[in-house]
Structure formats: C-alpha cells, structure tokens
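S.K.: Below are the features I grabbed from Swiss-Prot:
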BINDING   SER14, PHE15, ARG35, LYS108, ALA140, ARG255, VAL279, GLU281  NADPH binding site
BINDING   LYS108, GLY136, LYS191, ASP244, SER254, ARG255, ASN256  sn-glycerol 3-phosphate binding site
ACT_SITE  LYS191  active site, proton acceptor
Amino acid sequence: MIARQPIAVLGGGSFGTALANLLAENGHVVRLWMRDPEQAEAIRTRRENPRYLKGVRVLPGIEPVTDLAATVSASELIFVVLPSSALRQVLQPVSALLDGKMLVSTTKGIEAQSFKLMSQIIEEIAPRARIGVLSGPNLAREIAEHALTASVIASEDEALCQAVQAVLHGRTFRVYASGDRFGVELGGALKNVYAIMAGMAASLGMGENTKSMLITRALAEMTRFAARLGANPMTFLGLAGVGDLIVTCTSPKSRNYQVGHALGQGLALEEAVARLGEVAEGVNTLRVLKAKAEELGVYMPLVAGLHAILFEGRTLAQVIEALMTGEPKTDVDFISTSGF
C-alpha cells in the first residue's frame, strides 16, 4: 500500500527536508508539507531549502505542498516533524482524517502545560491512529550529506516499525526497532537540556574531563528521571539515549548546543535563540523538566543548575562549583545491580 501512495512529511525545517530526501532516495513519492507558501515555492523552483538546509539538493521525488488536508488524506504513512509548540495547532483541524493512519513523530519536545510527549498529544488528537516515534543521534545536515547514521523507530505496533524500517533503511541510514515508545521519546526530549550546558562548557574552554563528566552525569539524571516515570532504563543505553546525548552534547551542528555556545559567549537567551533561527526545544523543556523533577522528588542537579543560569542569574562556573562541593553520591544508581 505504501509503495503506491505518497508518503507525507509534515514540516519543512532541516530535519523534515533531510527525512524527505531519504524517502525519495529510496524511490518513494514524498509530499513535504509546510505552512509558508513562499517557502514551498522556493523549494519547488530552486530544488533547495534555502532557509533551513542551504546547499542540499531537494530530490525530484519531493513535492512541496501547503494543503494539509489533501496531504494527509492521500497518505497512509505520515512523518510529523513539527515544533512542539505548533503540533496541536496543525493537527487538530485534520484530526478526523487521521483515523487508521500511521503517524510517526520525530519532535523531541515536551508540552509545557501537560508534560505530555509529542506522541501522547498525537494519540489524544487521533486516538484511532497508529503511532510511532523516530529518534536517535540524527543531525539533519549529516543525514542530508549521507553520513552513516542509525535511528530507532519505537512503537507497540510491530507492523508500523517494519513499515518505517522498509521505507527509510538505505545505504547510509539504518533503522532499529524498539517496543519502548515512551522511553525512546523521553530520551530524545531530555537530552536537549544537557546539550545547552555542553555548548556553554565548550564556549568557556572547559577541559575534556569536564565535558565527559557533564555528559555522564547527564545520562544518570535522564535515566533516573525516566525510571521514576516508568520507562525502561536500559533504553537509555541505546541510540535514543546515550547515542543521542553524545552527538547533541558534542556537535556544533546541534541546535541546542549552538544556543549554549552563544550563551557562553555572553549573549542573552533571547539573542542566542534569535541567532539560531530555528527552534531549540531544550529551552522549553528545561522549564517544565525542573518543575516536574521537583514535583516527583527526583534528584537532577544539572537541570536545577542550568535553570539557575538561564533564569536565575547564576553563572556556569558557580553551578559547577556547587556540583563539585556537594555531597558525594553513588555513580550508577539508576539500574539495579543485584545479581551482577
């Protein structure tokens, strides 16, 4: 069925464009939906996304479109590549058209008011849809430039996982499957917060030992928090956990890392986000994550420290000093070691 129908990609940003190219390379007809008619026309005529993925050719099998209802009606497989703040606004008006469709979320964010992940919001909007999550260490430009990449498709629906693997798997892109949709999606959302701190540390010239400490303790915090919410902690040792955390916290191509780097150079938060020109989900996630951690009583000193830097006037040096002088804790305390 999918081979005879266009595949829809909702969102014309850098990742949506890179994902559309992957699908087109594998011989699929792709409808790349975006709200901005001028952007759609620019891609249609120039065969490039000049705003978000300049210099990367948009393949002929991709049709930029702006009619959302027609796009979702014509497709059985729909990749949702929208900013978290826009997801409800975009999908709610076409909810009646989504029954039975395969909806795959790629957005790594958390809704502020409800603390819902994106696939949970999609499930609320389209309760009869088949839902999955695509996540992992997937920098859009590297995918577009054919760097060897692996990702995870997570869903309780095995047939959906197999369908996504079939359409995306190629010579430079490998897709693994997981049944832990919640854990995979949570890992993708949480790591954005720590990438901001990693970017700041790099900007301030902190050493490799420091960067390694931040990444490792970030993994401990993420996993501790996820386990408290009922996710499988072992998921965080895979591509969607430590894999995504490493690439996001070490690459200047990461949007959240770029925001942190700009903050380390002395820019205000608003200036750093404006310089980026795209959405950095980590800023929004940080606010809700700190509140949720306090509500649940989960120990997350890096989250509290970054919140103090961004919103309470503290410096990174002050936060790191507080971390270093705090009471010593157990290293790996989020996975039971009984039986080892």
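A Cβ is built for glycine as well, from the same backbone N, Cα and C atoms used for every other residue.
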S.K.: Between the binding-site residues ASP244, GLU281, whose Cβ has more other Cβ atoms within 10 Å than any of the rest?
M.R.: ASP244
S.K.: Can you name every residue in this chain, apart from LYS108, GLY136, LYS191, ASP244, SER254, ARG255, ASN256, with its Cβ inside 8 Å of the center of the Cβ atoms of the recorded sn-glycerol 3-phosphate site?
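M.R.: Close Cβ neighbours, site residues excluded: PRO137, GLY188, ASN192, ALA195, LEU245, VAL247, THR248, GLU281, GLY282.
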S.K.: Cα-Cα, whole number of Å: SER14 (NADPH binding site) versus ASN256 (sn-glycerol 3-phosphate binding site)?
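M.R.: Just about 14 Å between their Cα atoms.
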S.K.: If we count other C-beta atoms within 10 Å, could you say which of the binding-site residues ARG35, ARG255 has the fewest?
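M.R.: With the binding-site residues ARG35, ARG255, fewest surrounding Cβ atoms within 10 Å: ARG35.
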S.K.: Of LYS108, LYS191, which of the binding-site residues has the most Cβ neighbours inside 10 Å?
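M.R.: Comparing the binding-site residues LYS108, LYS191, the most crowded Cβ belongs to LYS191.
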S.K.: Considering only the binding-site residues LYS191, ASP244, SER254, ASN256, which fall within 10 Å of ALA140 (NADPH binding site) when distances are taken between Cα atoms?
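M.R.: Checking each Cα against ALA140 (NADPH binding site), the hits are SER254.
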S.K.: Within 10 angstroms of the C-beta of ASN256 (sn-glycerol 3-phosphate binding site), what count of other C-beta atoms is obtained when all protein chains are considered?
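M.R.: If we count other Cβ atoms within 10 Å of ASN256 (sn-glycerol 3-phosphate binding site), we arrive at 27.
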